Amino acid sequence: MADQLTDEQIAEFKEAFSLFDKDGDGCITTKELGTVMRSLGQNPTEAELQDMINEVDADGNGTIDFPEFLNLMAKKMKDTDSEEELKEAFRVFDKDQNGFISAAELRHVMTNLGEKLTDEEVDEMIREADVDGDGQINYEEFVKVMMAK
């Protein structure tokens, strides 16, 4: 599960994890888990936290190490990709609402997100997602890419 995270996500999670690993022993207590997840934009309920902790804390010692934490976050992030959120995200990229994301639309959104990409990088992103080879991304291709991350 954690192998589907990007290096950037892993670095971000490591940073957050370290903030709460007060004594630097590589473990955080179950109490701290909620705080860590909230700092990363997740909003788990108490019941969800308890379930996650029970799932992850195999030996029941009340602490979670970094590999366990990564698996937890990867699972949590996958769960948040609901159909409705994917449709909304696709609409954001598909500026002219023609049902396709073009290289220009992709570049526009990425620039607005603060990502300065070269034409080559944008073309590469399109190529990776463009299953039918028409030079743009349709909704099915978009969903495939989003679910694979």
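Placement of Cβ uses the backbone N, Cα and C atoms for every residue, glycine included.
Quick caveat, the model's predicted, so the values are computed rather than measured.
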Which one, Glu85, Glu105, is listed by Swiss-Prot in the same Ca(2+) 3 site as Asp94, Asp96, Asn98?
Glu105
If you draw a 10 Å sphere around the Cβ of Glu141 (Ca(2+) 4 binding site), how many other Cβ atoms fall inside it, taking every protein chain shown into account?
19
Out of Asp21, Asp25, Asp134, which has the highest number of nearby Cβ atoms, where nearby means within 10 Å of its Cβ, if these are the binding-site residues?
Asp21
Inter-residue Cα distance where the pair is Thr63 (Ca(2+) 2 binding site) and Asp25 (Ca(2+) 1 binding site), in Å
10
Cys27 (Ca(2+) 1 binding site) - helix vs strand vs coil (DSSP)
strand
Looking at the binding-site residues Asp23, Cys27, Glu68, which has the shortest Cα distance to Asp96 (Ca(2+) 3 binding site)?
Glu68
